[in-house]
């Protein structure tokens, strides 16, 4: 029965005459717009009367109707912070109790055993703690920093710290220190050659070298802006292409993690920092672009964008501007700043085989700041 009904429908469809269209196209008249050259004075219209008290919280309200209007919507140029000179930067300490022997089960794919990772800016702050994360996960590490002495001190401290937390261990990761001005190609190439000579290879890269300054855009000295972009953007690019070239020559897969910032996606308030924000937006998109370009070679490129992190340098800023702590945390859904160790899991994941199908992503570690 189904077949006969189907045949009837096919028969009707084949014998139905195709009707010609019944509409007729009307002639299209050219559009004519009358322009006037007379000047008009824009007069301010009377405000729309409010229907109820809630309307004052909308665009129907008048300026100043609410006490919090514009409270966090604009920058304040009185906040100014200039990056200290290298010898003035506060020292950082390895995180206590984050390594050592443990017997909690986890995926084997999270290990970085038998790999060599390079961390730029690894002698302080976020870079130091992420270096420690690689060591705890089984990786040898090359710390690259503008201050070679501080990098050497931290390399020795990290190995001592590992041995203290792993008594009787048969293997301590090798941690080396290297100098580089990340903004200069010849310095970057020399550092990479030295690392390969001492470690034999490079598998992973974390580009943590970078800094932030707070100047209103008009007052920012141009030479300082060039320095900031040289470290934050050029340094990230130069180390990334140097490591990628090495990996391609070895025909080996690898993982690169660029340290961006939530400031690459939002505008921080109240402190002004337009050039820094733009530099981190560049880092974020650079990671995406290189992830596509190098996917054929098995090289994954991702970005981590931290929010407000309580580093030794951040504490220095808050000592001078204590009211900033309340303003910053009031805009974070979790209501608190992060600590450098909150990045240890993120960087380990993205470098490891556990993230084997993750590339070109921006992992924001910001307590929810950028989603509100």
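Each residue, glycine too, has its Cβ placed from N, Cα and C.
Within the set 39-74, 111-146, the record from TrEMBL flags 39-74 under the feature region 'Disordered'.
Among the ranges 19-38, 79-98, the one that TrEMBL lists as region 'Disordered' is 79-98.
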